[in-house]
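Reading through the structure tokens given below for one structure.
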Amino acid sequence: MDGAVLVALTAAIGNLLQGWDNATIAGAVLYIKKEFNLQTQAGIEGLIVAMSLIGATVITTFSGPVSDMFGRRPMLIISSVLYFVSGLVMLWSPSINVLLLARLLDGFGIGLSVTLVPVYISETAPPEIRGRLNTFPQFTGSVGMFLSYCMVFSMSLTVSPSWRLMLGVLSIPSLAYFFLALFYLPESPRWLVSKGQMKEAKKVLQRLRGRDDVSVEVTRILSARESFPLAGEMALLMEGLGAGGEVSIEEYIISPDDELDDNQEHAVDKDRIKLYGAEEGQSWIAKPVTGQSTLGLVSRHGSVANQSALMDPMVTLFGSVHEKLPEMGSMRSMLFTNFGSVFNISENQVKHENWDEESQRDGDKHSDDSGAESDDNVRSPLLSRQGTGTEGPPTSLSMRQGSNYNTANAGENASMGIGGGWQLAYRKDEKKEGALKRIYLHQEAGVGSRRGSIMSLPGCDAHAEGDTIHAAALVSQSVLRTESISAQQTIEEAVEKQTGPITKAIGWRALFEPGVKHALIVGVGIQILQQFSGINGVLYYTPQILEQAGVGVLLSNLGIGSESASFLISGLTTLLMLPSIGIAMRLMDIAGRRLLLLTTLPVLLLSLIVLVLGNVINMGEVTHAVISTISVVIYFCCFVTGFGPIPNILCSEIFPTSVRGICIAICALTFWIGDIIVTYSLPVMLNTIGLAGVFGIYAVVCAIAWVFVFLKVPETKGMPLEVITEFFAVGANKQPGKE
């Protein structure tokens with residue numbers, strides 16, 4: 001996991017440079033206005049600030065498709081070069097025209113990094129911490145703003161502050177970013193898989209997931225199958241290239257495949273389906289059922305009766321997975337060893353003594369006189385620790401007593417899952433010769449997860465025995481063929497031997513597929529609302545807004561001028577934003593994206609209303625300055641907790657791999673066009689309707705945004721990217737008027 005964290009943090013330096021630039025231009029523009037006499041030319045002033053946004057908009061139009069063609073890593077390297085060159089040109093800038101050219105180049109670098117860093121992090125991060133890692137860009141961006149404001153404040157105290165030096169310093173951190181991107185960042189494994197470079201993708205995954213240094217003991221027990229933990233994820237990445245087709249939701253009662261133990265053939269008929277795992281030798285027997293799955297019920301009925309008819313069925317469909325997650329130790333401790341993922345954060349944080357108790361229970365429990373397995377033993381983990389003399393998680397693997405697997409087969413049958421409590425399996429397609437169905441399995445909480453409970457489910461008879469779980473399944477066409485599960489070639493081998501791109505060239509027609517189109521509505525909608533909530537306008541012009549609000553009064557006794565005071569308070573504001581981003585990091589994968597948005601948007605709305613009232617009601621100079629400052633701080637802190645990072649996180653998650661670049665470009669284009677409109681219009685709006693009118697408009701947008709999130713935005717925390725796109729394909733077909 002350390003590999004994925006460090007790679008995400010390195011990639012997010014591109015956003016640090018963006019934050020640095022945003023804060024620097026906010027301070028430098030005050031001195032640019034004086035040198036070039038722009039006090040009465042608000043349009044030119046706005047153009048200087050907005051030129052980087054124009055550059056970002058232009059480059060974003062090409063960034064997605066070009067990154068799909070040449071890779072994510074080369075584009076990040078190019079962005080660092082553009083940052084460096086633009087900093088040098090701004091340091092020189094003898095005229096407004098040269099400055100505008102430099103700002104355009106700077107915008108090219110910003111556009112590439114802001115657009116592709118969230119995509120890159122999402123494609124390299126484990127599902128359970130993807131939200132946390134994708135909060136890094138917001139964190140590093142705020143760090144960049146804070147450092148920049150500190151620099152601008154210190155320069156403002158000099159006799160003749162140089163705006164050229166303020167802007168030119170950008171070249172120094174951009175040079176460091178260039179070397180880190182060139183020598184440290186790997187290519188996205190999903191992009192490598194899309195180009196048929198399976199061996200390279202596997203090496204990157206081993207680095208990102210920390211598999212290069214697997215202990216000798218674990219390697220020995222796994223029969224030296226070093227790649228085993230990554231087989232499921234490699235198969236998942238390849239299946240993601242075929243996402244977007246017809247998807248159905250089914251329900252299964254799943255039990256172990258006994259032929260691994262007793263060499264007896266199963267009478268697999270229409271009522272019993274054999275499922276194959278991605279790892280060699282892994283298989284189960286599934287019995288289709290209906291009527292108990294929450295996911296199935298939501299899929300069939302579109303939305304539950306107690307919810308508004310206006311709510312998108314997609315929201316309920318995703319929520320059916322997150323609202324009733326299985327308790328720890330249910331699905332993971334039954335048929336699918338460590339079912340969630342080896343990277344599951346909550347699992348890794350289990351107290352050490354729990355491992356001792358589970359291990360002790362594993363060794364002590366055994367079959368009673370009647371031969372029946374004890375209840376506690378049924379629930380004990382398949383992965384247990386050997387010995388009780390050391391503390392901490394298991395250091396070797398073995399199968400618990402009474403399970404239908406032999407210890408000798410542990411290495412072949414254990415599965416690390418694909419993250420978020422999901423498991424990838426396959427079955428033969430009866431309707432198409434040589435075709436496979438891919439199946440994403442997720443346990444239904446508290447249903448069919450213990451011995452005997454299968455008998456209480458509709459469609460199940462009493463002859464089903466052994467450990468069972470009740471699972472909902474997303475079923476669709478696999479990109480693999482039946483040869484992949486033959487004795488001669490395993491699925492793992494089929495993935496590694498793939499030598500060329502699986503999918504054909506994607507055209508614009510793919511954007512009109514129901515699942516992709518639905519995801520675009522969510523992505524574009526939330527980007528529009530984020531921009532028109534006013535954040536970038538407030539960021540770029542924070543010093544002027546605070547100066548107009550009278551913050552100079554607060555620091556006048558210290559002998560600090562109004563300009564320097566606005567820089568200092570702006571810097572302190574960005575410093576206070578950092579703990580808020582820390583809260584977002586902690587909650588992003590626990591509370592989830594949707595809940596954070598629904599919680600923080602009302603606070604944004606309230607802070608904007610207070611700003612409006614503070615500028616309408618005459619309450620004295622000092623009181624006005626204090627209220628304005630506190631409200632701006634609250635606005636920023638709440639924004640970076642929710643509405644700041646989440647739109648980019650969502651947009652990097654909800655699109656299929658095959659069209660992710662194009663769709664991200666569309667969402668990013670929406671982002672930058674909105675940014676240009678807000679930034680360019682803010683000086684004019686301040687001169688016409690004043691601060692009260694500006695904040696009033698932003699408040700209305702925040703209210704609309706809350707309604708949009710409540711009705712349209714689903715929860716994606718902890719889910720593999722490929723599963724998310726399958727859900728959108730299902731949900732799009734559950735819209736009113738569709739079958």
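Placement of Cβ uses the backbone N, Cα and C atoms for every residue, glycine included.
TrEMBL assigns the feature transmembrane segment to residues 43-62, out of the candidate ranges 3-22, 43-62. Here the transmembrane segment (688-711) has Cβ contacts under 8 Å with residues 308, 310-312, 315, 525-526, 529-530, 532-534, 537, 545, 548-549, 594, 597-598, 601-602, 604-605, 608-609, 611-612, 615-616, 643, 682 of the same chain, all six or more residues outside its ends. Contact between the transmembrane segment (74-92) and the transmembrane segment (165-185) is present: at least three CB pairs lie under 8 Å, with pairs separated by 6 or more positions in sequence.
The stretch from 564-583, 595-613, 625-650, 662-682 that makes the most Cβ contacts under 8 Å with the transmembrane segment (43-62) is 662-682. Only pairs six or more apart in sequence are counted, and the transmembrane segment (564-583) with the transmembrane segment (662-682) gives fewer than three Cβ pairs under 8 Å, not enough to call it a contact.
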